[in-house]
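Participant: Take a look at the following structure, please.
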Amino acid sequence: MDSQATPPAAATDANTSVMCQLVSPEGDPLGAALYLPQNVGPPQLQEIVNHLLHNEDKVPYAFYIGDEELAVQLGTYMQQKNANVEVTLRIVYQPQALFRIRPVNRCSATIAGHQEAVLAVSFSPDGKCLASGSGDTTVRFWDLDTQTPLFTCKGHKNWVLCIAWSPDGKHLVSGSKTGELILWEPKTGKQLGSPLMGHRKWITAVSWEPAHLQAPCRRFVSASKDGDARIWDITTRKCVISLTGHTNSVTCVKWGGDGLIYTGSEDCLIKVWETTQGKLVKTLQGHGHWVNSLALSTEYVLRTGAYDHTGKTYSTAEEMKEAALARYKKMRGNAPERLVSGSDDFTMFLWEPTISKQPKARMTGHQKLVNHVYFSPDGQWLASASFDKSVKLWNGITGKFVAAFRGHVADVYQISWSADSRLLLSGSKDSTLKVWDIRTHKLKQDLPGHADEVYAVDWSPDGEKVASGGKDRVLKLWMN
């Protein structure tokens, strides 16, 4: 026995050390197991982890035993759980954001302008600008300083169903119910060239090539009800590759950080494509009904590219590409990029597509279809929104269920995360937005105000504001 060990005793004996093994979120042990005094709690554990990882700048950590956060000293925990001191305690350390986002708690502006329902809202990568798409066929840009309309962009002939900012913030693309795509210049509100035609039915989703792979951004992929996904080059204004293979509507698409494209379809399949020739790399099978939503563990850094909460700007595309690559590498670490799919079969699957065609986990619990899935910015959590009126929280690495957020009284349509991964926002058919606290698993803020269903929500990447839109045609901005 180790010289520090004491004879078997009840955990209440103050002299007893507790044998602990610190483990990374991915499950890798950090050094050997340690005997720690019972008066050690999260502050002392932070010191130990920072020391063992040789962190020059101290990082804050949260600690988990099982799926429960450790908030007390080890002795108190052992007592509460009546735990056996002879058994090694596995403690998972989870890095936390160095900055804190305050929950939004008031509506700072209700901006009229759209003549029909607001179907999409999206903040620019730096969080300084906001765009929306509507059933009135327009795309609008909004001035966040004055909280007034900036540009009204006309060009579509039918509902604008989806919009997406390029990660360098220089372009916005919109897709309509007719199937055409239009490229806009956000700083002038001008349409760039004629609409991009090719899809035969409506556009369901758009995703840009990440900034760390190509700067300035020039390629994006669109998914359509016609069963195809298409890669477009904005410099030649042509469809360069057509990704054909799904036998039904392609409902969602993501361009991953490794350069692969993921498509989800009503044919129940997820397909993985390489992007130089558009070859099908693999097909992920498992869902028994339509795939509605896909999310990547790296999505936040892919969306924001070189921009982070510090507000740093870049003078050249090369600088931007380097900064985006550094952020991507730091966020991903040594782990593979993870993908999650949500379906009409009420379930979700967690995948590591570069490693295996088999899912890492099947996530069950929702009582109705899963409408939207979204990883937290740090990739540690995963949230799902469902027509069963609930939002569920899962471990983003293992796929294990963590908590259910109940409070909405109708379908939950869309969710969005705060930049520090501590708060989750949901918008519902019940006309409210709600902010949930990830650590306490409780409702943090109830935000009524819309007169009807809330279709679209987004939390700005800089964390300072939330935008929402829906059936009542107004855009609402929420601040803290």
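Here the Cβ of each residue, glycine as well, is placed from N, Cα and C on the backbone.
Straight out of TrEMBL:
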- 18-78: domain 'NLE' (DOMAIN)
- 111-152: repeat 'WD' (REPEAT)
- 153-194: repeat 'WD' (REPEAT)
- 196-242: repeat 'WD' (REPEAT)
- 243-283: repeat 'WD' (REPEAT)
- 363-404: repeat 'WD' (REPEAT)
- 405-446: repeat 'WD' (REPEAT)
- 447-480: repeat 'WD' (REPEAT)
Participant: Which residue counts does DSSP give the domain 'NLE' (18-78) for helix, strand and coil?
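Facilitator: For the domain 'NLE' (18-78), the helix, strand and coil counts are 16 helix, 17 strand, 28 coil.
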Participant: Does the repeat 'WD' (111-152) come near the repeat 'WD' (447-480), with 3+ Cβ pairs under 8 Å (pairs 6 or more apart)?
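Facilitator: In contact, yes.
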Participant: Quick test of the contact rule: Cβ under 8 Å, at least six residues beyond the ends. What residues does that give for the repeat 'WD' (363-404)?
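Facilitator: Beyond its ends, the repeat 'WD' (363-404) has Cβ neighbours at 25-27, 67, 94-95, 97, 289, 292-301, 331-332, 335, 338, 340-350, 410-417, 419-421, 424, 426, 428, 436, 438, 441.
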Participant: List the helix, strand and coil residue totals of the repeat 'WD' (405-446) as derived from DSSP.
Facilitator: 0 helix, 24 strand, 18 coil
Participant: Across the repeat 'WD' (243-283), what are the DSSP residue counts per state (helix, strand, coil)?
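Facilitator: So the repeat 'WD' (243-283) is made up of 0 helix, 21 strand, 20 coil.
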